[in-house]
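Accompanying notes for the structure given below.
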Amino acid sequence: MKQAGFPLGILLLFWVSYVTDFSLVLLIKGGALSGTDTYQSLVNKTFGFPGYILLSVLQFLYPFIVDPENMFIGRHFIIGLSTVTFTLPLSLYRNIAKLGKVSLISTGLTTLILGIVMARAISLGPHIPKTEDAWVFAKPNAIQAVGVMSFAFICHHNSFLVYSSLEEPTVAKWSRLIHMSIVISVFICIFFATCGYLTFTGFTQGDLFENYCRNDDLVTFGRFCYGVTVILTYPMECFVTREVIANVLFGGNLSSVFHIVVTVMVITVATLVSLLIDCLGIVLELNGVLCATPLIFIIPSACYLKLSEEPRTHSDKIMSYVMLPIGAAVMVFGFVMAITNPQDCTHGQEMFYCFPDNFSLTNTSESHIQQTTQLSIVNISILQ
């Protein structure tokens, strides 16, 4: 919302969710047309070995660009402990269906976090000054926003794993499941984005939790819930990376020993990356434009266009022809903008409005905000 403009951001969220829904169904249709049951084998049959390698790289990199747990007190210890205690054991499962109950818990916690964000929009929002350009229709950073939205909806890399875990998997059954899932997801995303932006407008950080004050116990509980959701969700990403390694290096099969070794290696490297990164915004942008965008916009469309024998005027082909150039543009321009104009990151420092002695709720002029920010920076420096 901060990057795209609030009205345009809402429209883009609906559009990206529609494209995601379409491409997820298109992906399984492509698998049915080619007689393949994995994303890698689909691309391999469609575009040969170069396409297979490109997709493998994208699927392999996706989990490593994610930043698990953005906790600022004892962060390294908490990440290490939670990884060894929870993430690694869950990632050692061989059947992704066994993560169903775990994912249900994660979804419940996400709903709880949403409730906390909505509550703070009501209680905290009126006391945060609104920035001057808070309600403009569109902003020049909209392409970056599409990259972040693509990250929010990406699930193509594990679609075949989930599809194969269904009882009696069919394209029709998959389509119904995807339609329902995307509808739920888009409304969760809209409520999160709307409540977060309405609360902080132009002060919104790449990681929304950075906007809240440290002495807010309700939000601290929300941070804890968020950390748990990441712990419970990340094993699904590990499944994909491990499958890529198995297909590329071991012919698709891993012995019990190599299953454990590869899982430990993937989790270890991903954890090391998370320990080195504390800014979620740039992670979401780069992951969105470099990995999520080709996996959502480009590859499913390209596979379907090459495999389908439908006429060019067929609705699926027309949509695919539209998605390809748009995905390429978002990937290129989004990457350039993410590097040249990254999202704000406080690195765990308190926002200026967390210091009531330096902030008047009745004066929201731009000059006052700038002066208050400068005073707060001095205050932070003194505290450090």
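Note: Cβ is positioned from N, Cα and C throughout, glycine not excepted.
Here TrEMBL flags 79-339 as domain 'Amino acid transporter transmembrane'.
Feature annotation from TrEMBL assigns transmembrane segment to 6-28 (among others).
The feature transmembrane segment is assigned by TrEMBL to 49-66 (among others).
Per TrEMBL, the feature transmembrane segment maps to 72-90 (among others).
The transmembrane segment annotation in TrEMBL covers 102-122 (among others). Listed as Cβ neighbours of the transmembrane segment (102-122) (distance under 8 Å, sequence separation of 6 or more from its ends, same chain) are residues 90, 188, 191-192, 195-196, 198-199, 208, 212, 216, 218-219, 221-222, 225-226, 228-229, 232-233, 235-236.
What TrEMBL lists as transmembrane segment is 142-166 (among others).
The transmembrane segment feature in TrEMBL is assigned to 178-200 (among others). Remote same-chain partners of the transmembrane segment (178-200), defined as residues 6 or more beyond its termini with a Cβ less than 8 Å from a stretch Cβ, comprise 1-2, 6, 9-10, 13-14, 17-18, 20-21, 24-25, 110-111, 114, 117-118, 120-121, 124-125, 128, 149, 152-153, 208, 211.
Summarising the annotation, TrEMBL assigns transmembrane segment to 257-277 (among others).
What TrEMBL lists as transmembrane segment is 289-307 (among others). With a cut-off of 8 Å between Cβ atoms, the residues of this chain six or more beyond the transmembrane segment (289-307) that come close are 19-20, 23-24, 26-27, 29-30, 33-34, 42-43, 46-47, 55, 58-59, 61-62, 65, 144, 146-147, 150-151, 153-154, 156-157, 316-317, 319-321, 323-324, 326-328, 330-331, 334-335, 338.
If you look up TrEMBL, you'll see 319-339 (among others) marked as transmembrane segment.
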